[in-house]
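Novice: Dropping the structure in here first, questions after.
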Amino acid sequence: MSTVHPIAIIGTGIAGLSAAQALHNAGHSVQLFDKSRGSGGRMSSKRSDAGALDLGAQYFTARDRRFVEVVQQWQARGWVAEWTPSLYNSRNGQLSASPDEQVRWVGAPRMSAITRALLGALPVHFSCRITEVFRGEQHWHLLDAEGNSHGPFSHVIVATPAPQATALLSSAPKLASAAAGVAMDPTWAVALAFNTPLETPMEGCFVQDSPLDWLARNRSKPGRDTAMDTWVLHASSNWSKQHLDLDKEAVIEQLHGAFAEMIGCAVPAPALSLAHRWLYARPATAHQWGALADADLGLYACGDWCLSGRVEGAWLSGQEAAKRLLEHLQ
Ligand code: FAD
Ligand code: NAI
């Protein structure tokens, strides 16, 4: 049975798009909303003079059978490719090669390629921040930050990070209070681009005991053809929390310093540098909810915070929200 009115989905990250695809494939019409100018959320990439840079999710693993299968389909369509970085580990300032057998995937030619492809031609309103989700006599309506109202909708799926979902779920107090209980930690990300390649074989590095917790040579990922040697540095949650309001120039200076100290080769001044603060980067605690639902009302929530705080968890959570909605329609 198809719904008379479309289903509204707030958030075009991987969770929202996973739900959108499942509902669209089941014959329902969906309408998506995102406050950003494009899709992807924490899987988006930033265009720069040094090519596109993956500032959020760096790569993803697939462990659940359903996700493994879908990633294989994405690979066949050319949306993702395997990334086989030369991996290192840094602990107490000691750098060591740390190869492993884990399969790691990236969007090709940039991380945002996946959500762009999933969005396809589905109807979407970008630069549209939803501030209120309310139910009229029979249907749902949304209000955006500019005072425009959208609707009617048969159901609403909120697919934003938990702190942004809380207010949008106020019609279902149980869902709102579950979301309110999920704290999310920030991550400062810095990208550096060098005219001359750094003299290191390193392409990725897990870091402990430093302001940093991860480094990636962006250029080593498949399809990132750029003349410059591009790197993405992520600060640890602790450092990011302690330096939440530091200005971007100071963040770049400090993380560039930590990078130069640990990488074991000369690091010149970068030709390009930028910083991005992810306020809600990862859930502070893990949950195994799948998705949240008030099926009688027709209000659902999904996102990485409902499962593992990873790309795979976000995709599975979107599938779960769609599944529960479809089950209730039968
Ligand atoms: P999001 O991607 O956050 O999507 C939510 C969307 O909702 C956004 O587009 C946002 O603009 C929109 N939105 C929010 N509020 C509103 C509103 N009021 N109205 C309209 N739109 C709204 N995962 C991995 O598996 N591997 C990694 O290596 C990895 N590294 C990471 C590194 C960083 C720095 C960060 C930040 C995340 C990383 N992750 C990684 C986690 C991964 O990116 C997330 O788990 C996943 O992308 C979350 O998807 P989502 O759809 O749940 O949320
Ligand atoms: P994974 O299996 O590659 O990594 C999981 C963890 O195992 C790593 O964090 C690291 O501590 C360790 N590890 C894996 N391979 C290693 C190696 N060769 N040498 C040394 N240590 C190794 O990927 P998975 O499970 O998919 O995790 C995703 C990654 O995304 C994690 O690293 C996680 O920290 C990161 N992430 C970062 C966020 C942020 O805000 N910075 C948010 C969400 C995830």
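Note that Cβ sites are derived from N, Cα and C of the backbone, with glycine treated the same way.
No curator has checked TrEMBL annotations; they are predicted automatically.
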Novice: TrEMBL records Y59, F60, T61, A62, R63, S98, P99, D100, T187 as substrate-binding residues. Which of R310, R324 is assigned to the same site?
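Specialist: Looking at R310, R324, the one TrEMBL places in the substrate site next to Y59, F60, T61, A62, R63, S98, P99, D100, T187 is R310.
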Novice: Of the candidates R42, R66, which one does TrEMBL list alongside A15, D34, K35, Q58, Y59, I130, D304, V311 as binding FAD?
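Specialist: Same FAD site in TrEMBL: R42.
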Novice: Quick one: which of the binding-site residues (T61, R63, P99) have their CB closer than 6 Å to ligand 1?
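Specialist: Not one meets the Cβ criterion.
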Novice: So if I measure Cβ to Cβ from Y59 (substrate binding site) and keep only same-chain residues at least 6 apart in sequence, which ones fall under 8 Å?
Specialist: W83, R104, W105, V106, A216, K221
Novice: Can you tell which of K35, R63 has the least company, meaning the fewest other C-beta atoms within 10 angstroms of its C-beta, among these binding-site residues?
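Specialist: Selected from the binding-site residues K35, R63 on minimum Cβ neighbours within 10 Å: R63.
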Novice: So which of the binding-site residues A15, Y59, R63, V311 sit close to ligand 2, that is, with a CB under 6 Å from an atom of it?
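Specialist: Checking each Cβ against ligand 2, none of them comes under 6 Å.
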Novice: Can you tell me the CA-to-CA distance separating T187 (substrate binding site) and A15 (FAD binding site), as a whole number of Å?
Specialist: 20
